[in-house]
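Asks: The following block contains the structure, expressed as structure tokens.
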Amino acid sequence: MEVFYYVVFGVLGIVVATLELSKNNKDRINTSSAFTSFKNNYLVVYSLMMAGDWLQGPYVYYLYSTYGYSKGDIGQLFIAGFGSSMLFGTIVGSLADKQGRKRACVTYCITYILSCITKHSPQYKVLMVGRVLGGIATSLLFSSFESWLVAEHNKRGFEQQWLSLTFSKAVFFGNGLVAIIAGLFGNLLVHSFSLGPVAPFDAAACFLAIGMAVILSSWSENYGDPSDNKDLITQFRGAAVAIASDEKIALLGAIQSLFEGSMYTFVFLWTPALSPNDEEIPHGFIFATFMLASMLGSSLASRLLSRSSPKVESYMQIVFLVSAASLLLPIIMASLVAPSKVKGGGISFSGCFQLLGFCVFEACVGLFWPSIMKMRSQYIPEEARSTIMNFFRIPLNIFVCVVLYNVNEFPMTVMFGMCSIFLFIASLLQRRLMMIADKPKANDWTPLNERNAEEAPLNI
């Protein structure tokens with residue numbers, strides 16, 4: 001492995017450690033012992049859930065290829081996962097609001113464990129079922145846990161500002177430290193112990209089972225709107241009314257879709273961008289470096305969110321602009337450096353610069369997650385939180401499916417340029433959100449069944 005990778009990883013590690021150790025009283029939030037216990041319980045569960053997810057990620061494509069499937073077949077399996085998340089995500093989100101967020105979190109564990117079990121079969125239909133289950137699980141992961149946390153936090157009477165502490169720690173551990181450990185652990189199982197590419201999925205199922213046991217034994221149930229006469233169609237209409245009647249919610253949904261769409265596209269593009277001529281690059285170590293950069297971003301977010309100024313709506317404009325600039329690097333390097341035609345070898349000079357830019361983008365990802373969680377907790381109505389959050393994922397999943405379907409049709413520079421444009425648009429929308437953040441809504445959102453009851457006499 002080249003020294004360059006160690007240097008980048010080492011510098012990021014030193015910066016993250018320095019940021020964490022140098023926090024002063026202004027960077028810390030004074031909390032109660034009851035909140036600390038509540039927060040730690042959630043962080044344990046969330047870390048176990050993310051471990052189950054991160055263990056699988058690096059080996060899904062590899063496993064399918066060992067079963068003998070072509071790139072096209074594997075692409076269809078991936079599209080099935082995102083399509084499943086799009087089609088069923090809103091339904092499971094609505095059920096979570098009505099039937100209970102704790103039940104939805106347990107359903108996530110069961111669904112993902114079943115998805116892991118399907119990986120033992122080389123049959124295409126069985127693997128397709130696994131991808132569908134995985135898509136449903138992903139929708140639950142990115143909506144039900146956050147919805148449960150916000151509702152339970154408010155139900156227990158904790159201060160609103162303390163939410164930002166839980167969000168930043170969840171990203172720091174779950175999306176950073178756990179991701180690094182999971183990558184190294186998966187590499188140990190597959191390569192060091194020679195247990196094969198299905199071993200990480202079995203390990204993931206074990207972590208998910210442990211997390212489910214903690215949820216069942218220590219979490220209480222909470223709901224969005226437990227009204228018995230509110231069916232799924234009414235919930236969908238209510239969520240649509242909430243988005244249409246409040247510009248803040250609509251802006252937040254557009255910002256989230258634009259950023260996450262660019263992020264998931266980046267996940268598919270970084271490998272060919274760094275090794276366009278089949279250069280030998282350490283994928284696992286680079287992945288760990290990206291996760292360390294994400295930890296850097298979440299550490300910065302922790303400091304920013306603990307202070308009253310600058311507000312999250314303000315600094316996120318800069319984050320989106322920086323992320324847009326970082327994804328322009330492949331385009332800039334392609335125009336300045338003639339592409340090499342030599343196959344193999346180590347990472348190129350152009351690849352080194354792109355790797356640094358990608359680390360900047362991952363730091364922006366680390367800043368994005370706790371910040372968007374904070375804004376969602378402020379703007380999304382509690383009555384339909386899971387439903388609305390999964391509504392936001394519909395355009396995201398459509399976008400990713402289109403990209404996957406046409407990934408071979410466009411040059412890589414066009415794809416990165418498209419992502420950069422989306423991030424620039426997100427910055428403009430974020431500026432608009434900042435301008436109206438303190439303005440009251442023209443019409444307060446109320447549950448649709450209440451609104452219908454108020455309007456009923458007019459229809460007589």
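The backbone N, Cα and C atoms fix where each Cβ goes, glycine too.
Curation plays no part in TrEMBL annotations; they are all automatic predictions.
Quick paste from TrEMBL:
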- 6-22: transmembrane segment (TRANSMEM)
- 43-62: transmembrane segment (TRANSMEM)
- 74-96: transmembrane segment (TRANSMEM)
- 170-189: transmembrane segment (TRANSMEM)
- 201-219: transmembrane segment (TRANSMEM)
- 285-306: transmembrane segment (TRANSMEM)
- 318-338: transmembrane segment (TRANSMEM)
- 344-369: transmembrane segment (TRANSMEM)
- 390-407: transmembrane segment (TRANSMEM)
- 413-429: transmembrane segment (TRANSMEM)
Asks: The transmembrane segment (43-62) and the transmembrane segment (201-219): do they have three or more Cβ pairs under 8 Å, with pairs 6 or more apart in sequence?
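Replies: In this chain the transmembrane segment (201-219) contacts the transmembrane segment (43-62) - 3 or more Cβ pairs sit under 8 Å.
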Asks: Please tell me whether the transmembrane segment (285-306) and the transmembrane segment (318-338) touch - that is, whether there are at least 3 C-beta pairs under 8 Å between them, with each pair 6 or more apart in sequence.
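Replies: Not in contact, no.
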Asks: Using Cβ distances below 8 Å and needing 3 or more such pairs, separated by at least 6 in sequence, tell me whether the transmembrane segment (318-338) contacts the transmembrane segment (6-22).
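Replies: These two segments do not touch.
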Asks: For the transmembrane segment (43-62) against the transmembrane segment (344-369), do we get 3 or more Cβ-Cβ pairs below 8 Å once near-sequence pairs (under 6 apart) are dropped?
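Replies: No, these stretches are not in contact.
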Asks: Check for me, if you would, whether the transmembrane segment (170-189) reaches the transmembrane segment (344-369) - at least 3 Cβ pairs under 8 Å, residues 6 or more apart in sequence.
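Replies: Yes, the transmembrane segment (170-189) contacts the transmembrane segment (344-369).
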Asks: Excluding the flanking five residues on each side, which residues at least 6 beyond the ends of the transmembrane segment (413-429) place their CB within less than 8 Å of a CB in that stretch?
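Replies: Sequence-distant neighbours of the transmembrane segment (413-429): 251, 254-255, 258-259, 261-262, 265-266, 269, 273, 317, 320-321, 323-325, 327-328, 330-331, 334, 403, 407.
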